[in-house]
Each structure stands twice: as structure tokens, then as C-alpha cells.
């Protein structure tokens, strides 16, 4: 079990910066609704503005999503303070933290209070998503894996 609590925050910061940088590039280079093929028949960058959560659920509930993101950030900080986390759990929580903050920044600072989505895989016909979304999903998977591997111990 690692004692370095900073891993979580470094991962979160890297995700947040990369997410916002890529979204800025997408907004600057692609008109909304336009696409650029990255790998023909596999993946493209499609610029969409999502007013809701995953799959565009609960559209235009900006402050609900902001409150949820704040709760996630608070929970991550509490878990990191309360438990001695494995490196795997720290990376998972860092991905979750960075993803939650990345989408929250979009909701708060975008003039339309929407989230910029841009990755579309033809092969799986999954909705268009972004780095923050992928980070959240991967973070949750890593957290689940870390629990099977004994990813934390409660502090006395």
C-alpha cells in the first residue's frame, strides 16, 4: 500500500489539463456537428455539445451536475484522507477526480453550459464522448479492481 497521497492529485490534474486542452482544440478546429476521420471505419472526432450527462440524459440540469461533481471531488478527498490507498486505487480516484472536474469546468464556463464531446467509435456505435468521460469510466473500473486486490485499509 502506497503512502504517497499525491499520486491521486497528479493524475487528476493531468486528466483535467489534457481534457481541457483537447476540448479547446476541438472547439477551435471543428464546427459543431462536423467530423474528422482519425482511423477510417474505426474512429472519428465529431464535435458535439452535450447539454446532459452520459447519453444526453437529464439535459440542461447544469447545477445538478455541478453539485454532483462537487460531491465526487469531496468524496475523493475524504477517501484519500481516510484510507491508505493502493497505487491502483489512487490512479482510479485520480482519473475519477480529473474527469469530474473536466466536465464540470465545461458546464460552468461554457457560454451554453454544455460539455464538449468529440470521440466516436464506428465499431461499437457508442455515443460520442470525451477524455473526461473515459477517465471517469476507467477510474471506476480501476477502483473496482482495487477492491478485489485489497486496495485500501481504514486508518485508525
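Glycine residues also receive a Cβ, built from the backbone N, Cα and C atoms like all the rest.
Automatic prediction, not curation, is the source of TrEMBL annotations.
Copied over from TrEMBL:
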type	residues	note
TRANSMEM	29-48	transmembrane segment
TRANSMEM	60-78	transmembrane segment
TRANSMEM	85-104	transmembrane segment
ACT_SITE	117	active site
TRANSMEM	124-145	transmembrane segment
ACT_SITE	133	active site
Given the active-site residues 117, 133, which one is most crowded in terms of C-beta atoms within 10 angstroms? 117
Work out the three-state DSSP category of residue 133 (active site). helix
Residue 117 (active site): secondary structure state under DSSP, collapsed to three categories: strand
